[in-house]
Amino acid sequence: EENGHQNKKLKSDADEEDAEDQNKKLPKRKIVLLMAYSGKGYHGMQRNVGSSQFKTIEDDLVCALVQSGCIPENHGEDMKKMSFQRCARTDKGVSAAGQIVSLKVRLIDDILEKINNHLPSHIRILGLKRVTGGFNSKNKCDARTYSYMLPTFAFAHKDHEVQEELYRLDRDTLERVNQLLACYKGTHNFHNFTSQKGPRDPSAKRYIMEMYCGEPFVRENMEFAVIQVKGQSFMMHQIRKMIGLVIAIVKGYAAESIMERSWGEEKVDIPKAPGLGLVLEKVHFEKYNRRFGNDGLHEPLEWTEEEEKIAVFKEQYIYPTIINTEKEEKSMANWLKTLPIHDFNSSAVEVQTNNKNPKKSSDPEGSDGCGDDSD
């Protein structure tokens, strides 16, 4: 019996070695992976090689790629060897429903299943497509769409006492929110909506294609709404500050004129909404699709067949995390209490001069947010 058991063990070890040898013979091909993940508990998407203190989404992904036999172990240690590039560098706590990464892998059998077997359930690879050899997911991306899910009591006027779970957004307030969000459309100088960019820095100019708030809905007895924003690219904290300013105006802390002023040269103090509700929804490759999508060799980078899987993942992992964390940790409710600390009438320089105690923020600058393209 013992010999039989030993023989079986040796056979399975030999089978694994054979499979590994077969994998090594496979040519490497450039592909893109469609990823969805819940970002809670992670310090963002991008891997910091050599730093195990802060776990990132890419740490788990690279581990799964090595364990499934898609890439050699040394490629995991030096990601340049597999030409790895993420489309958007989502930051701490931010989730994604349609992140894209490009890399060179061995195209093993049942590749998606094998990678997913080595990933936690809150990170999934939902699709794979072959791309051109020189493809780079960050450089070839024309636009990115983010969503921001928030409890609607965030829009209740500051002079009205509200019970968070009972608050329901009225039609007039929703219309006002959408009028303000529409002001962001077009090209503006967003130097006040990020850190470490001066008003004359050309990269502070960003193009926003659309921004709107959808119809509210009730989950776990609390009403939520989702804001969608599509832009060419975003700087660190930009989306959260865009939303933070609209909330401050709707609540009556800031005048509407501050929006126009914020695009000018003076430094304006703009509040940054919590990172919890931010989700990378979709990335767009329109130019690439026009050039290579129908060349007979490559498929267009569109994911209509995966839309149902994306929707299921959001319902299973992303929305419950946002809702439960909001109810337990009250990140939006606590952040709203910091709005009166901001001085919306002075420039930020005057605020710092007049206020000897530095203002408290709901989280330290630079800790998280939309770090899609922070240059």
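Glycine is treated like the rest: Cβ placed from N, Cα and C.
Annotations in TrEMBL come from automatic prediction, not curation.
The annotation region 'Disordered' is assigned in TrEMBL to 1-23, 349-375. Under the heading active site, nucleophile, TrEMBL lists Asp91. The substrate binding site annotation in TrEMBL covers Tyr146. Annotated domain 'Pseudouridine synthase I TruA alpha/beta' per TrEMBL: 184-286, in sequence order.
Secondary structure of the domain 'Pseudouridine synthase I TruA alpha/beta' (184-286), assigned with DSSP and counted as helix (H, G, I), strand (E, B) and coil, comes to 26 helix, 34 strand, 43 coil.
As a whole-number mean, the pLDDT of the domain 'Pseudouridine synthase I TruA alpha/beta' (184-286) in this prediction is 95.
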